[in-house]
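Visitor: I have a structure here, written as structure tokens, and I will follow up with some questions on it.
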Amino acid sequence: MRNITEATFFVLKGLTDNNELQIILFLLFLAIYIFTLIGNVGLIILVVGDSQLHNPMYCFLSVLSSVDACYSTDITPNMLVGFMSKSKIISFYGCATQMFLAVTFGTTECFLLAAMAYDRYVAIHDPLLYAVSMSPRVYIPLIIASYAGGIVHAIIHTVATFSLSFCRSNEVKHIFCDIPPLLAISCSETYVNELLLFFFVSFIELVTILIVLVSYAFILLSILKMNSSEGRRKVFSTCGAHLTAVSIYYGTILFMYVRPSSNYSLEHDMIVSTFYTIGIPMLNPIIYSLRNKDVKEAMKRVLRKKINIKHRIKKLNDFSVFLMP
């Protein structure tokens, strides 16, 4: 990476300078972060621990949960420290690392959501051949390709952004080191960077949304051919959750990055950015759990196992007390 900038660190201004409001926001985002970790890690443990969820659909879901947990962890802890500290400094390379990880996880999630839509199409269109069509030789490369695409996309923007000069200011009016607010404080010509951002985000969004739309068009045709109302209900329960997640995530990404720079508003975009980087990772486990019968049944099985284990331990303790002289 070619560092020609005069800045050796950046100051993340965050959401507010009001001390009382910062305490409230600290508690709010701490609760959101804890809930995000519990929800996503819990979903991963559930998928790994329940044999009935050992299929490609839930493998994708567990990977999505890991991406969401990492995405939130890349941004939230640093923001929490900023709320409680007078110094909101992040080093030059710390800022570059944060941007690289944020773009990696954000892009990976886009590709994963598209892969999950294709997986749903295969499962519903030809359920008898699902195990063959979506074998580990198919879905594991899809997961690897999603991560690879995210990493390549992140490298392009990280190198392009941090090759700029930041002699104008080192104050970033944002909650983390995102591309648009950094371009806003650069004293270099940013036309190429803006073009790269628009082109790559537009291309990735267009390709992944097209995959989702085509997959769900075929899914809809399959639903119309179904005679069983129970089968339709199950399809809607699994696909409804995914469609909700796709709509929320892709909608916010398009709003943030695919538009003219003249419409860029730091304050407004900071709120939207906070939602898709911190809010969505918290919402995804809720969306996929509440709308998915298999996940809810797996939760019940886990709870029953825990209750049975506790009951057996109690019986053993009672028996040992009985045997004691």
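Positions of Cβ are set from backbone N, Cα and C atoms, glycine also.
What Swiss-Prot shows for this protein is this:
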TOPO_DOM  1-22  topological domain 'Extracellular'
CARBOHYD  Asn3  N-linked glycosylation site
TRANSMEM  23-43  transmembrane segment
TRANSMEM  44-64  transmembrane segment
TOPO_DOM  65-97  topological domain 'Extracellular'
DISULFID  Cys95-Cys187  disulfide bond
TRANSMEM  98-118  transmembrane segment
TOPO_DOM  119-139  topological domain 'Cytoplasmic'
TRANSMEM  140-160  transmembrane segment
TOPO_DOM  161-194  topological domain 'Extracellular'
TRANSMEM  195-215  transmembrane segment
TOPO_DOM  216-234  topological domain 'Cytoplasmic'
TRANSMEM  235-255  transmembrane segment
TOPO_DOM  256-269  topological domain 'Extracellular'
TRANSMEM  270-290  transmembrane segment
TOPO_DOM  291-325  topological domain 'Cytoplasmic'
Visitor: Tell me if the transmembrane segment (235-255) touches the transmembrane segment (98-118). I count contact as 3 or more CB pairs below 8 A, with pairs 6 or more residues apart.
Guide: yes
Visitor: Please name the residue among the disulfide-bonded residues Cys95, Cys187 whose C-beta has the most neighbouring C-beta atoms within 10 angstroms.
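Guide: The most densely surrounded of these disulfide-bonded residues is Cys95.
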Visitor: Tell me whether Cys95 (disulfide bond) sits in a helix, a strand or coil according to DSSP.
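Guide: Cys95 (disulfide bond) sits in a helix per DSSP.
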Visitor: Taking all residues of the topological domain 'Extracellular' (256-269) together, what is their mean pLDDT?
Guide: 66
Visitor: Take the topological domain 'Cytoplasmic' (119-139) and count its residues per DSSP category (helix H/G/I, strand E/B, coil), listing them in that order.
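Guide: Per-class counts: 18 helix, 0 strand, 3 coil.
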Visitor: Quick check on the topological domain 'Extracellular' (161-194): DSSP residue counts for helix, strand, coil, in that order please.
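Guide: Across the topological domain 'Extracellular' (161-194), the residues distribute as 11 helix, 2 strand, 21 coil.
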